[in-house]
Amino acid sequence: MKSLLPLAILAALAVATLCYESHESMESYEISPFINRRNANTFMSPQQRWRAKAQKRVQERNKPAYEINREACDDYKLCERYAMVYGYNAAYNRYFRQRRGAKY
């Protein structure tokens, strides 16, 4: 009986400390966490946006041949189906490479 009382007090303290809710874990105190459309991209400077666009243009221009072939095949449904079975290289060769002696 003597050990039961301290054990109950210890359990109550453990529950109280574990269930304590600090103010740090509460949601933001801001009135509205969302911003309007005009201010949505103000965190990124115009120079950074320009640099990102330029980098994307360079990346689009310097694509490897296999990626260009794959994109061409993705736009044509029959080629895409053939590619699922035999691979994109075989599908591109079948549908887009000109055969010898063929007149187009």
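Including glycine, each Cβ sits where the backbone N, Cα and C put it.
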**Prompt:** Based on what Swiss-Prot records, which one of Cys19, Cys79 is disulphide-bonded to Cys73?
**Reply:** Cys79
**the domain 'Gla' (51-97), counted residue by residue under DSSP: helix, strand, coil** = 39 helix, 0 strand, 8 coil
**Message:** Quick check for the class: what is the C-alpha distance, in angstrom and rounded, between Cys79 (disulfide bond) and Glu67 (4-carboxyglutamate)?
**Reply:** 14
**Request:** Within the domain 'Gla' (51-97) only, compute the mean pLDDT.
**Result:** 89
**Asked** Once the chains shown are all counted, how many other Cβ atoms turn up within 10 Å of the Cβ of Glu60 (4-carboxyglutamate)?
**Response** 8
**Asked** If you count Cβ atoms within 10 Å of each one, which of the disulfide-bonded residues Cys73, Cys79 comes out on top?
**Response** Cys73
